[in-house]
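> Dumping what Swiss-Prot says about this protein:
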REGION    32-201  region '34 X 5 AA approximate tandem repeats of P-P-V-[EVY]-K'
REGION    51-84  region 'Disordered'
REPEAT    52-56  repeat '5'
REPEAT    57-61  repeat '6'
REPEAT    97-101  repeat '14'
REPEAT    107-111  repeat '16'
REGION    132-206  region 'Disordered'
REPEAT    137-141  repeat '22'
Amino acid sequence: MASSNFLVLLLFALFAIPQGLANYEKPPVYQPPVYKPPVEKPPVYKPPVEKPPVYKPPVEKPPVYKPPVYKPPVYKPPVVKPPVYKPPVYKPPVYKPPVYKPPVEKPPVYKPPVYKPPVVKPPVYKPPVYKPPVEKPPVYKPPVVKPPVYKPPVYKPPVVKPPVYKPPVYKPPVYKPPVEKPPVYKPPVYKPPVEKPPVYGPPHHP
């Protein structure tokens, strides 16, 4: 086996060395680049991978005791506002012409008389009912005397609760994507001009 490998290597060396020397003596031959069109591969369909839902047990937070915060009352001094003088505003009388309303004529409506026959109710006779008087003899109830009950004091030893170790709860950071709000278009609002009546001030005496 070793001799066969040695013979193969020897033959390869004898063939390769002269070929290499021949290639070294010849100048390099220019070969233009060959255009290879890109190979288009059809898309491979990959079915979606379904992941089973992961159950996360709810994290119980112990109630936190917050002592009440005492806020002292804040003294606010009374605010004194000086009287504001408002001159009388003269309003000229507004003349409204009388509105003519023609009289409305309603034709008379005829209502025939309604005949109601008289209703006869015969008298109902109720015989008198005799109720004899009920006599109840007096009932004697002797006074009830209850002796005092002695209750010895009950000793309750103090209850000692060992400290409970609560491991810290790890909360992973929650990623909140930025919220993009589209711009809201507000059409221009037309405001008609406001006409203010002239204000007449008090008359000035010379």
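Even glycines carry a Cβ here, placed using N, Cα and C.
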> Looking only at the repeat '22' (137-141), what are its DSSP counts of helix, strand and coil residues?
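Taking each residue of the repeat '22' (137-141) in turn, the totals are 0 helix, 0 strand, 5 coil.
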> In the same chain, who gets a Cβ under 8 Å from the repeat '6' (57-61) while lying at least 6 residues past its ends?
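Contacts of the repeat '6' (57-61) (Cβ under 8 Å, skipping residues fewer than 6 from its ends): 169, 171.
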> State the residues, same chain only, that lie 6 or more residues beyond the ends of the region 'Disordered' (51-84) and have a CB under 8 A from a CB inside it; answer 'none' if no residue qualifies.
166, 169, 171
> How many of the residues that make up the repeat '6' (57-61) does DSSP mark as helix, as strand and as coil?
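Across the repeat '6' (57-61), DSSP assigns the residues as follows: 0 helix, 0 strand, 5 coil.
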> Could you give the mean pLDDT over the region '34 X 5 AA approximate tandem repeats of P-P-V-[EVY]-K' (32-201), rounded to a whole number?
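Across the region '34 X 5 AA approximate tandem repeats of P-P-V-[EVY]-K' (32-201), the average pLDDT comes out at 86.
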